[in-house]
Amino acid sequence: MAVDKVIVKQRNIILVGIPIDESGVEVLKWALEEVAKHGDCVVVVHVCFTYYRALKSKSSLDRYLKPYIEFCSTKKIELKGEVLKGNSVLGVLVKEAKRYNAMSVVVGVKQQSKLSLKIAKGCAKELPSTTDILAIHRGNIVFRRSNHYQLPLAQKISSRPSSELSEGFSDKDLAKTTGQEKRKISGRSLSLPSVEVVDQTPGWPLLRTSTLATPMVQHQTRKISVVNWVMSLPERFPHHPNQTCQQSFCDKQLKDILKDINRWFSYDVLKTATSDFSLENLIGKGGCNEVYKGFLEDGKGVAVKILKPSVKEAVKEFVHEVSIVSSLSHSNISPLIGVCVHYNDLISVYNLSSKGSLEETLQGKHVLRWEERLKIAIGLGEALDYLHNQCSNPVIHRDVKSSNVLLSDEFEPQLSDFGLSMWGSKSCRYTIQRDVVGTFGYLAPEYFMYGKVSDKVDVYAFGVVLLELISGRTSISSDSPRGQESLVMWAKPMIEKGNAKELLDPNIAGTFDEDQFHKMVLAATHCLTRAATYRPNIKEILKLLRGEDDVSKWVKIEEDDEDGFDDEVYPNSNTELHLSLAMVDVEDNDSVSNSSLERSNNSLFSSSSSSSQELQS
């Protein structure tokens, strides 16, 4: 078979970079079976460093590709080979990918290490976002920068692992991304779809504000933050040209997901429970949803969330959240107790918490005893352990925070609000997400800076909640001295100097278990390890909190670790600048409640982050 260079037009080109050995066979076979489709053209590239080696390798490549000719003929795939001379494999692959305008570039890695991923990440940096970059190790995707937007719903429906479907881009691409953002305020949510504006102030891109649609809505939101957990962000999915779908498709997904829900509420029952959805019972309002409190005939309190699908993204949001929550069953996770579909209204029904949220309780008049705080910490940890390790499909919550932890009369915690959650992966360490969502003050550095998502982002946020339980402080406070608005930044120097007791909530001084206190501080410190690779998983943290692990082991780990970075790079940052920008337009302490945020990939993404100077082991 000829190996001359042939430029093929009007076809999808898959460029496969291989060595001529067994590992190359594995990569080529995977690309032909998993990536190439009917009518595509697969161009196999082998790079040699000398002309002599290139000349010698041409006949070898012909023999190498021969076994796949029949397979490609059956699938109507055109297979071509190139042996090229170059000083850099990366440089040659990038040049050829641009020349062919390749749809995908597939490379193999011999071991999962930073060095092995260098070529894949280099391609992701140099090639346009329209090119799909995949790195394969033993038949598994170990790195991917996708060329299309993949909704979480599609991840659930597909039979392929979510890690293979997740899209994103390389670390440095994300860090260098520039653009402008439009801010939309609704309730306590902040949505930042990308639009073009001028004179964007450099620095922290996620500006927080207390400005709401009307003063009345603002007052309601503050007053009833107990049910804020049930509120969704106004726009879960940023506008994107590839996101449009036919209404029939959305209807089908609704039916597929909702058919397994055990309890369907009639609209009349919910109408009666909420006094005809009266304004007096309106306890929250989002961009396209409203939440009402109500009481069923048996006296059970419920939070009724009505989603008005004025846009198709709202339907997807509803399906996605319901599909995840309905699959969960754990005593420390707030359950979805039913749904209702009434004409264009999509309604979900949740329990109405009697004690409110952990955030409310910590900031309220009731003082949580130490035993109650430890109980809440362990219960929340068990909920995360269930999501990460016990579900058939792992779940990453992505918005763990004190306002999303509901408390029963016995102070048993329940994790709630799965509107930002996503399906995790058992095969990949992390996925890259185009959109960073979550709450300022709880975002893990690798997620905020590079969009890297794994169960470790929940572990980091759990560490912030532990600090809240220890100190009684909020994750972000405008009343704190400049540079200490972040709870993590406030706690860091005290822990580093060995003055952990200064963290303790003065309301419980003298009434706490000192041994348990030090274990919780140690757990929080390890949860807040800057590099995700060295951050423990939630199961390990739980053992420490329960007293099942020897504390001396954890102290030794803390002393031995050298703040490893793996392939995560956190540049030095001007923390004060970032925090001052984050506090723009904050008018009073009430308005500094934790706002969930979203950002599309085109938004301004500063190359520095205050997270990079947060607690580390």
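Here, residue 1 is simply the first one shown, and the rest follow in order.
Glycine residues also receive a Cβ, built from the backbone N, Cα and C atoms like all the rest.
What Swiss-Prot records for this protein:
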{"type": "ACT_SITE", "residues": "Asp399", "note": "active site, proton acceptor"}
{"type": "BINDING", "residues": "Ile283, Gly284, Lys285, Gly286, Gly287, Cys288, Asn289, Glu290, Val291, Lys305", "note": "ATP binding site"}
{"type": "COMPBIAS", "residues": "169-184", "note": "compositional bias 'Basic and acidic residues'"}
{"type": "COMPBIAS", "residues": "591-617", "note": "compositional bias 'Low complexity'"}
{"type": "DOMAIN", "residues": "277-555", "note": "domain 'Protein kinase'"}
{"type": "MOD_RES", "residues": "Tyr350", "note": "phosphotyrosine"}
{"type": "MOD_RES", "residues": "Ser403", "note": "phosphoserine"}
{"type": "MOD_RES", "residues": "Thr439", "note": "phosphothreonine"}
{"type": "MOD_RES", "residues": "Tyr447", "note": "phosphotyrosine"}
{"type": "REGION", "residues": "162-187", "note": "region 'Disordered'"}
{"type": "REGION", "residues": "590-617", "note": "region 'Disordered'"}
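Overlay of Swiss-Prot annotations on the structure.
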residue	record	Cβ within 10 Å
Ile283	ATP binding site	24
Val291	ATP binding site	25
Tyr350	phosphotyrosine	24
Asp399	active site, proton acceptor	27
Ser403	phosphoserine	24
Thr439	phosphothreonine	27
Tyr447	phosphotyrosine	26
Residue pair Ile283 (ATP binding site), Tyr350 (phosphotyrosine) - Cα distance, angstrom, rounded: 14
What is the interatomic distance between the Cα atoms of Asp399 (active site, proton acceptor) and the residue listed as 'phosphothreonine', given in whole Å? 6
Just to verify a number: CA distance, the residue listed as 'phosphothreonine' to Val291 (ATP binding site), in angstrom, no decimals. 20
Nearest to Tyr350 (phosphotyrosine) by Cα, among Val291, Ser403, Tyr447 (recorded positions)? Val291
Euclidean distance between Cα atoms of Val291 (ATP binding site) and Tyr447 (phosphotyrosine), Å: 30
Three-state secondary structure, Asp399 (active site, proton acceptor) (per DSSP): coil
Which whole-number value in Å describes the distance between the Cα atoms of the residue listed as 'phosphoserine' and Val291 (ATP binding site)? 16
Need one number: mean pLDDT over the domain 'Protein kinase' (277-555). 88
